[in-house]
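Enquirer: Take a look at the following structure, please.
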Amino acid sequence: MAERQKIALIAHDKMKDEMAAFARHHQRFLEQWQIVATGTTGARVHDACPKLDVLRMKSGPLGGDQQIGAMIAQEEVAMLIFFVDPLTPMPHDVDVKALMRLAILYDTPMALNRATADRLLPVITE
């Protein structure tokens, strides 16, 4: 098993401000990790926290969710934080389901909202 040194950050369009705020709030902790993120989410997180090591994948609908899913399957990701907008239908919903399935299959902690992410992040190193 590979050492899980990455935290994955993904946010639906209406949740990107919340993800940037989350990253700012937890910046000191996140600086210890390589952050992998889908394209626009990664740009927003990097703009909010320039000191973070953010590796940007493609946009979610263009395959970014699947790129992060591959990292989960390689057991490189310690935690998936995915701020989901439950009120907006997503055209690439099947990609999102596949990503979540991989996180479940590989027993990767997954937070789908801010409250869960705030509580899980501090214990990820235990």
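Yeah, the Cβs are placed from backbone N, Cα and C, and that goes for glycine too.
According to Swiss-Prot:
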| type | residues | note |
| --- | --- | --- |
| ACT_SITE | Asp65 | active site, proton donor/acceptor |
| BINDING | His12, Lys16, Thr38, Gly39, Thr40, Thr41, Ser59, Gly60, His92 | substrate binding site |
| DOMAIN | 1-126 | domain 'MGS-like' |
Enquirer: Thr38 (substrate binding site) to Asp65 (active site, proton donor/acceptor): how many Å between their Cα atoms?
Expert: 7
Enquirer: Looking at the binding-site residues His12, Thr40, Ser59, which ones sit with their CA no more than 10 Å from the CA of the residue listed as 'active site, proton donor/acceptor'?
Expert: Ser59
Enquirer: Would you report the average pLDDT that the model assigns to the domain 'MGS-like' (1-126)?
Expert: 93
Enquirer: Would you mind pulling the DSSP three-state label for His92 (substrate binding site)?
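Expert: DSSP assigns His92 (substrate binding site) to coil.
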Enquirer: Let me spell it out: for each of the binding-site residues (Thr38, Thr40, Ser59), count the other Cβ atoms within 10 Å of that residue's Cβ, using every protein chain shown. Which one has the most?
Expert: Thr38
Enquirer: Going along the chain, which residues six or more apart from His92 (substrate binding site) have their CB under 8 A from its CB?
Expert: Gly60, Pro61, Asp65
Enquirer: Suppose the substrate site is His12, Lys16, Thr38, Gly39, Thr40, Thr41, Ser59, Gly60, His92. Which further residues of the same chain have a Cβ inside 8 angstroms of that site's Cβ centroid?
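Expert: So the extra residues in range turn out to be Ile10, Ala11, Asp13, Pro61, Gly64.
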Enquirer: Can you tell me how many other Cβ atoms are located within 10 Å of the Cβ belonging to Asp65 (active site, proton donor/acceptor)?
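Expert: A 10 Å sphere around the Cβ of Asp65 (active site, proton donor/acceptor) contains 25 other Cβ atoms.
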Enquirer: Let's check the environment of His12 (substrate binding site): how many other CB atoms sit within 10 Å of its CB?
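Expert: So the number of other Cβ atoms within 10 Å of His12 (substrate binding site) is 20.
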